[in-house]
Ligand SMILES: NC(=O)C1=CN([C@@H]2O[C@H](COP(=O)(O)OP(=O)(O)OC[C@H]3O[C@@H](n4cnc5c(N)ncnc54)[C@H](O)[C@@H]3O)[C@@H](O)[C@H]2O)[C@@H](O)CC1
Ligand SMILES: [K+]
């Protein structure tokens, strides 16, 4: 599993490593060595300007400068402040640099083919302003390639947010494990390619910090995939009830197709008489039932997963059905109108959550339900999961899946093609299809987000929502191959 460490955990990992007997000076040497290796791998010797800040990120810069110069590179070093004001490991490494130390300014960029950004890393503690902001803007405007050390300066490692201005890097080399800011937008875009290098912090020390944020890869959830048994039948693969609206009927039709492609054994769309035949004619494998039978069908435990929201309509009827389904402790996926229906009274919704429940808000729906949660996307999703007692998928390119117990994953597959009408309905259907087969809520939500993103990326330009369910068999086949034959994805 690919753990992500918060900035606070990263400092703690450094501290514990140093406490265990590895000198900080050595960690810094290793960090600088890792960056210079990555530079030498990509570029032939050329004019490089290493821009150093007043902390340990700057200390890394002095190591990089020395190692590149030892290999014959033409290196200039600029420092914010004086060498005498540097402390600890940064001071030690600055003193090993025997060349000139210039004042940090845009003049450092003149004639540079490569810029190494060691101004701020994990220690960025306020907005970049004044002359430094001018320098960062000049870095972004100059034609040289830019490599960022740890974080592109100005990008907050915890939130991925820009503090004032931020360096836009071609690639970023960070250490030990990625931080949230490497994956959250806009940080992910500013990093360019992100390379994580070992600098001598052991896996045991990382493990001792009990990381609970991960990149959303199959390792997180693949052992929970409800593959059908050879002797199995459809009744063992769950029966989804999907609440279909009268007007926006496309939403549940898309969701239903996704739920069935994800493997749900049976699926019934409930709808008012006016829309029933529309749902019935949509796909021969879909069953339909009149909405009046909702409560009766909910009494049958074989109907084990319920989807409410896409095209459902905002109001009393939707609210009642949501509360009914939650009280019946069915696996519930609540999307779109099911969430908006509780905008005035979210605590009633949260109080009713009992069984496996997944809420799939986009930012607008999230704001209606969790209006006083502020901060970065990851923290808000985690707080919302705790508050609601449900798994929350906070959608977007950098989708977060958060569980009430604190676990969270960040999606790292970018598929801008998914920004199209109906795409969210497909995601909700996917989650429901996996829940119906008994997959636990967090894993089902994370797998659905992964499948959705992979489908979007694989299909590429021209994608419409209808294409996503039809891309699923190929992806599921790859996951099946991986289980059966250990094929690497
Ligand atoms: N033992 C360790 O802790 C290691 C740290 N390493 C490097 O050290 C970095 C963290 O070092 P630090 O904690 O010293 O932090 P930084 O070097 O990122 O920055 C801290 C300094 O910047 C100043 N500062 C912060 N924001 C500012 C702003 N907007 N404008 C002006 N000044 C600002 C602070 O007052 C402080 O002096 C990591 O990113 C990594 O590159 C690596 O060398 C590996 C080992
Ligand atoms: K940096």
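From the backbone N, Cα and C atoms, a Cβ is placed for every residue, glycine too.
Binding of K(+) is attributed by TrEMBL to 117, 153, and the same site annotation extends, among 57, 74, to 57. The AMP site recorded in TrEMBL comprises 395, 396, 397, 398, 399 together with one of 364, 424, 429, 433, namely 424. In this structure, the CA atom of residue 59 ((6S)-NADPHX binding site) is 34 Å away from the CA atom of residue 399 (AMP binding site). Highlighted here are the binding-site residues (57, 117, 122, 153, 396, 424) whose C-beta falls below 6 Å from ligand 1: 57, 122, in sequence order. Checked against residue 57 (K(+) binding site) by C-alpha proximity, the binding-site residues 150, 362, 395, 424 yield 150 as the nearest. Taking a C-beta cut-off of under 8 angstroms and a sequence separation of 6 or more, residue 424 (AMP binding site) has the following same-chain neighbours: 310, 335, 336, 360, 362, 395.
Applying an 8 A CB threshold to same-chain residues 6+ apart, the list for residue 117 (K(+) binding site) reads 51, 139, 146, 147, 148, 149, 152, 153, 167, 169. When averaged over the domain 'YjeF N-terminal' (10-207), pLDDT in the model lands at 98. Proximity of residue 396 (AMP binding site) to non-local residues of its own chain (separation of 6 or more, Cβ distance below 8 Å) is seen for 185, 362, 363, 377, given in sequence order.
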